[in-house]
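Quick look at what Swiss-Prot annotates:
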{"type": "BINDING", "residues": "Y7, W8, P43, S44, D45, W46, K50, N59, L60, Q72, S73", "note": "glutathione binding site"}
{"type": "BINDING", "residues": "Y116", "note": "substrate binding site"}
{"type": "DOMAIN", "residues": "2-88", "note": "domain 'GST N-terminal'"}
{"type": "DOMAIN", "residues": "90-208", "note": "domain 'GST C-terminal'"}
Amino acid sequence: MVVTLGYWDIRGLAHAIRLLLEYTETPYQERRYKAGPAPDFDPSDWTNEKEKLGLDFPNLPYLIDGDVKLTQSNAILRYIARKHNMCGETEVEKQRVDVLENHLMDLRMAFARLCYSPDFEKLKPAYLEQLPGKLRQLSRFLGSRSWFVGDKLTFVDFLAYDVLDQQRMFVPDCPELQGNLSQFLQRFEALEKISAYMRSGRFMKAPIFWYTALWNNKKE
């Protein structure tokens, strides 16, 4: 059965989901909702449908898989991952998954708040000042492992790739994105299914954010 992923026509919160669908070879189709032109960016392409899909909490992204209808990006990731035993196996692995999942969301939201803020240029120096420390924490958490939980991929690696790739785009010369974090990014991009997806016309690297953001709000 083909699942349907619904989201705006941007990278955003759907990026890790798309990567996981591709990696697991899950048959899927996308409903990419488009905003109207500036300055209003009319969202009616989505709002006209949102109450008609049978979602408990109508929002984007959503995933429809037969009778299963989910919103919340991490709930969607976990649903896909459970089908493929990618949520950690031991209790310690599951703990690492849970901690990193929530920590990465904190990092993602802090970056989004910066990029959507009208004071972007004023706030950017403080963000850049604290970023190296955050990346060093992730580097220590990864350690010498191949993946963030151990030797086997879990869904948090897809989240981590997305978050780290955004920072790499934002600060290309960041020293803290070298070493094991750089190796992690390269290792992830070298995965056969991921590499093929990134070379395909389906892949969307940008825009990361909605059109009102002050950074990375346009297609490349």
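Residue numbering: from 1, along the chain as shown.
Note: Cβ is positioned from N, Cα and C throughout, glycine not excepted.
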Mean of the pLDDT scores, which run from 0 to 100, over the domain 'GST C-terminal' (90-208): 97
Sort L60 (glutathione binding site) into helix, strand or coil using the DSSP assignment. coil
In terms of DSSP three-state secondary structure, what is the assignment for P43 (glutathione binding site)? coil
How many helix, strand and coil residues does the domain 'GST C-terminal' (90-208) contain under DSSP? 86 helix, 0 strand, 33 coil
State the Cα to Cα distance, in Å, between Y116 (substrate binding site) and S73 (glutathione binding site), rounded to an integer. 20
Please find which two of Y7, W8, P43, S44, D45, W46, K50, N59, L60, Q72, S73 have the most distant C-alpha atoms, given that the record lists them as binding glutathione, and give only that distance in angstrom, rounded to a whole number. 21
With the fewest other Cβ atoms within 10 Å, the residue among the binding-site residues Y7, Y116 is Y116
